[in-house]
6 protein chains.
Amino acid sequence: MSNKQFSHLDSQGRARMVDVTDKSETRRQAVAGARLRMQPATLAMIRDNAHPKGDVLATARIAGIQAAKKTWDLIPLCHPLMLTGVKVEIEPEGDDCLVITALCKLKGVTGVEMEALTAASVAALTLYDMCKAVDRGMVIEQVCLLEKQGGRSGHFVRDAPGSDDD
Amino acid sequence: MSNKQFSHLDSQGRARMVDVTDKSETRRQAVAGARLRMQPATLAMIRDNAHPKGDVLATARIAGIQAAKKTWDLIPLCHPLMLTGVKVEIEPEGDDCLVITALCKLKGVTGVEMEALTAASVAALTLYDMCKAVDRGMVIEQVCLLEKQGGRSGHFVRDAPGSDDD
Amino acid sequence: MSNKQFSHLDSQGRARMVDVTDKSETRRQAVAGARLRMQPATLAMIRDNAHPKGDVLATARIAGIQAAKKTWDLIPLCHPLMLTGVKVEIEPEGDDCLVITALCKLKGVTGVEMEALTAASVAALTLYDMCKAVDRGMVIEQVCLLEKQGGRSGHFVRDAPGSDDD
Amino acid sequence: MSNKQFSHLDSQGRARMVDVTDKSETRRQAVAGARLRMQPATLAMIRDNAHPKGDVLATARIAGIQAAKKTWDLIPLCHPLMLTGVKVEIEPEGDDCLVITALCKLKGVTGVEMEALTAASVAALTLYDMCKAVDRGMVIEQVCLLEKQGGRSGHFVRDAPGSDDD
Amino acid sequence: MSNKQFSHLDSQGRARMVDVTDKSETRRQAVAGARLRMQPATLAMIRDNAHPKGDVLATARIAGIQAAKKTWDLIPLCHPLMLTGVKVEIEPEGDDCLVITALCKLKGVTGVEMEALTAASVAALTLYDMCKAVDRGMVIEQVCLLEKQGGRSGHFVRDAPGSDDD
Amino acid sequence: MSNKQFSHLDSQGRARMVDVTDKSETRRQAVAGARLRMQPATLAMIRDNAHPKGDVLATARIAGIQAAKKTWDLIPLCHPLMLTGVKVEIEPEGDDCLVITALCKLKGVTGVEMEALTAASVAALTLYDMCKAVDRGMVIEQVCLLEKQGGRSGHFVRDAPGSDDD
């Protein structure tokens with residue numbers, strides 16, 4: 001790691017938006033994940049609601065998609081970009097956890113991992129918001145990059161996603 | 001928990017912004033936390049940068065404060081509110097972790113835990129963004145409410161914050 | 001109407017944000033409506049989707065609620081305000097129409113009719129967006145104020161709402 | 001219509017932002033319209049103001065242009081895009097109606113009809129806002145797509161625009 | 001000045017949003033100014049346009065008003081607040097200058113000088129944008145606070161506004 | 001200058017977003033400057049803070065970068081665009097002035113001078129905000145374009161930047 005650097009800082013440690021003017025467009029995508037750990041009774045309520053007409057999961061999906069589009073505004077040194085596809089999935093895992101997976105796609109000059117991570121985080125926060133009246137002790141865990149394609153850094157796949165904090 | 005409900009859904013499971021028109025103003029505050037787990041070499045680089053003039057931690061603090069102010073725009077059913085104080089602190093823990101703590105304050109009719117959680121999450125995402133060129137495997141862990149005061153639900157303090165995932 | 005004026009213009013016709021500094025807070029609410037006229041086959045598809053798990057109506061409700069919170073940013077001379085309750089309802093009418101009703105509430109110094117109208121409009125636009133792949137000829141009709149309470153102008157109820165364009 | 005689908009939903013009815021990563025750029029434009037129906041006395045006041053220096057129409061034009069640029073933020077599943085031209089025109093029709101026409105242009109991978117519809121809607125809402133102190137019964141009517149060019153769906157022109165509700 | 005401090009930094013120099021939770025509401029207002037210096041021919045064009053129907057000045061007024069409402073989003077440590085009145089005036093001065101004056105009002109716990117300064121700055125930038133095709137050498141000068149009332153710091157009036165750089 | 005026109009107005013003086021649909025992409029950049037004049041004691045405090053860990057300059061840099069990305073939202077007739085690089089530098093000059101320099105880059109169809117000017121202005125406003133508790137008489141001066149490259153108008157360099165108000 002000796003020759004690596006924080007690309008978002010100049011040689012004097014000052015923040016800047018990295019110059020990508022001369023990079024060429026490629027097809028890019030990233031997948032990020034998050035987990036919301038809760039009491040089993042809370043997950044049971046979400047499941048009950050989820051079936052017929054409840055808006056809990058739909059609201060969180062929408063919030064995640066919209067947050068992906070605002071990543072450039074939330075993360076100060078992110079480049080503005082025009083996402084060409086976003087998908088947020090939320091699935092229960094065991095009896096006390098919701099797993100959020102966010103996929104972002106782009107034909108452009110910068111990667112979209114921050115967009116996928118932001119989508120997953122905000123979807124998790126939205127689920128928290130909708131359930132906090134019944135369970136204040138929920139925890140968002142394991143927000144991380146699962147997979148990334150396109151760009152110079154090549155194909156990244158996280159080893160055994162989620163395994164290291166269970 | 002039998003008589004609890006998801007306050008953000010009406011009796012048919014449809015999303016709404018809860019009516020707080022007739023609640024009276026009280027002094028409220030909430031503290032939320034998050035952790036960013038990284039390689040020891042990454043934390044060492046941040047420490048080196050943090051001393052003289054580096055902008056890594058300052059950028060994340062600013063991003064967290066700004067995100068707190070935008071919570072109503074990010075989380076669909078959150079009420080707009082006028083925060084009267086926000087503070088984001090970032091401290092290293094051990095040799096591979098940054099601990100983010102966000103405090104939000106308000107004199108108003110709704111709690112500010114979502115604002116504190118959003119500030120902590122976005123500060124963590126910003127740190128991730130600034131360090132991802134050197135460490136793609138970082139994980140945001142343990143985003144949760146640590147303390148909450150004001151409002152009908154009384155004083156909440158999380159037991160042994162952070163203890164359960166270490 | 002001889003002594004009425006456009007309050008948003010000064011004596012020389014220039015736009016300004018009306019000074020409400022010295023008005024006192026009162027409880028206010030407004031209800032606005034909109035209709036989305038479409039082909040019967042389109043409405044049939046929405047109904048089919050609406051039952052088990054489809055997100056069409058939920059997405060439009062969320063979009064309407066979020067737009068209400070952004071009214072001050074969309075309508076140049078609107079005052080910023082802190083809505084204390086928002087509800088958006090969408091119901092089919094006959095075989096070719098969705099009726100959107102938006103309710104906004106506030107304890108404050110300005111009315112919330114623009115917020116309710118904006119919520120209804122954006123919910124209708126969102127429904128249009130989600131259905132346009134199957135029906136490009138949809139029309140948004142009858143966006144209007146249905147009821148308004150609070151403030152000096154008293155209680156307003158629209159006569160026979162919706163009757164005049166059917 | 002049997003083989004048509006709601007493109008914004010996946011096979012299980014869940015909202016997503018449609019993947020357009022592999023579509024090729026083309027020149028696109030869309031024209032949308034809206035009508036604001038009011039009392040003749042209100043229109044007379046606008047006409048009086050419009051001539052020398054009044055800001056009513058200018059404010060609405062600006063609001064429409066700015067809203068077009070924010071469509072991706074208002075309509076949850078819209079793609080972010082970079083409009084290359086926007087024009088909003090407002091003309092009186094008869095003695096009780098303002099007709100708003102919005103044109104949006106783009107070289108890109110997605111259509112711009114939602115941008116044109118949003119511009120027309122927000123311009124109409126802004127006119128409503130500026131005139132509501134003198135006329136609370138105004139109605140926004142006939143928000144619809146008038147013309148669309150570019151993209152796979154070909155050239156669309158609405159038949160006799162506005163004819164069906166007059 | 002020996003006992004003064006940067007209120008936006010904590011004792012270790014870290015940015016924070018100052019805690020105003022316990023301050024009491026008062027009536028506040030601030031007036032800020034800016035000047036846009038240009039070639040006389042440019043000002044002549046604006047004057048010609050300003051008379052009958054031109055949108056140059058109206059667009060700048062609107063932009064200034066809207067920017068005042070977004071100050072909390074632009075200036076990282078500003079508190080969100082609900083302006084109760086905004087007015088932007090633009091007048092020619094001599095043959096080569098436009099003078100922008102912005103007034104902001106609030107009943108609240110924080111001052112509104114940043115809002116007035118932001119309104120004046122963005123109105124000046126908007127004028128620059130609209131005129132830059134004919135005059136690229138324009139300069140925005142003398143952006144400063146002219147007057148401030150309300151709050152603990154008392155009544156401030158700038159001495160001979162604009163005198164010191166002419 | 002006889003054949004020049006305000007490009008942002010149509011033939012009747014009405015605001016529009018100029019149509020750039022058919023312009024071809026080129027590499028563009030612009031540099032803008034601003035000065036914040038203050039009391040020598042204020043600058044001394046900033047210098048003291050700037051060395052070890054203070055966030056004053058970092059906060060202003062971040063605010064400038066973020067404002068550049070929002071220029072399309074602040075300046076009504078600006079085109080949305082995707083900046084590919086932004087840098088904001090702040091240096092003291094003499095004993096009573098901070099000089100802000102903002103560089104914006106883009107591969108696109110429109111110039112980025114408004115983005116650079118907006119970044120410089122908002123960085124200056126942010127510095128003002130952080131220092132106003134100790135010095136209310138600060139003045140932002142000399143906000144202007146210093147250099148511009150790319151596009152049909154060729155290479156522009158301001159003569160002796162800043163010379164005329166010193």
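Even glycines carry a Cβ here, placed using N, Cα and C.
TrEMBL entries are annotated by machine, without manual review.
For C:1-10, the entry in TrEMBL reads compositional bias 'Polar residues'. Positions annotated as region 'Disordered' by TrEMBL: C:1-24. Per TrEMBL, compositional bias 'Basic and acidic residues' is recorded for C:11-24. Summarising the annotation, TrEMBL assigns domain 'Molybdopterin cofactor biosynthesis C (MoaC)' to C:17-151. The substrate binding site annotation in TrEMBL covers C:Leu77, C:Cys78, C:His79, C:Met114, C:Glu115. According to TrEMBL, the feature active site maps to C:Asp129.
When the binding-site residues C:Leu77, C:Met114 are compared by the number of other C-beta atoms lying within 10 angstroms of their own C-beta, C:Leu77 comes out lowest.
In sequence order, the recorded positions near chain E (CB to CB under 8 A) are C:Leu77, out of C:Leu77, C:Glu115, C:Asp129.
Here the CA atom of the residue listed as 'active site' lies 28 Å from the CA atom of C:His79 (substrate binding site).
Model confidence over the domain 'Molybdopterin cofactor biosynthesis C (MoaC)' (C:17-151) is summarised by a mean pLDDT of 93. Taking the recorded positions C:Glu115, C:Asp129 in turn, the residue surrounded by the fewest other Cβ atoms inside 10 Å of its Cβ turns out to be C:Asp129. With a 10 A radius on its CB, C:Cys78 (substrate binding site) counts 25 other CB atoms from all the protein chains.
Taking DSSP states H, G and I as helix and E and B as strand, the domain 'Molybdopterin cofactor biosynthesis C (MoaC)' (C:17-151) has 48 helix, 45 strand, 42 coil. Between the CA atoms of C:Leu77 (substrate binding site) and C:Asp129 (active site) there is a gap of 27 Å, rounded to the nearest whole number. There are 22 other CB atoms within 10 A of the CB of C:His79 (substrate binding site), with all protein chains counted. Largest CA to CA distance in the substrate binding set (C:Leu77, C:Cys78, C:His79, C:Met114, C:Glu115): 13 Å, whole number. A distance of 21 Å separates the Cα atom of C:Asp129 (active site) from that of C:Glu115 (substrate binding site). With a threshold of 8 Å between Cβ atoms, the recorded positions C:Cys78, C:His79, C:Met114, C:Glu115, C:Asp129 that neighbour chain D are C:Cys78, C:Met114, C:Asp129.
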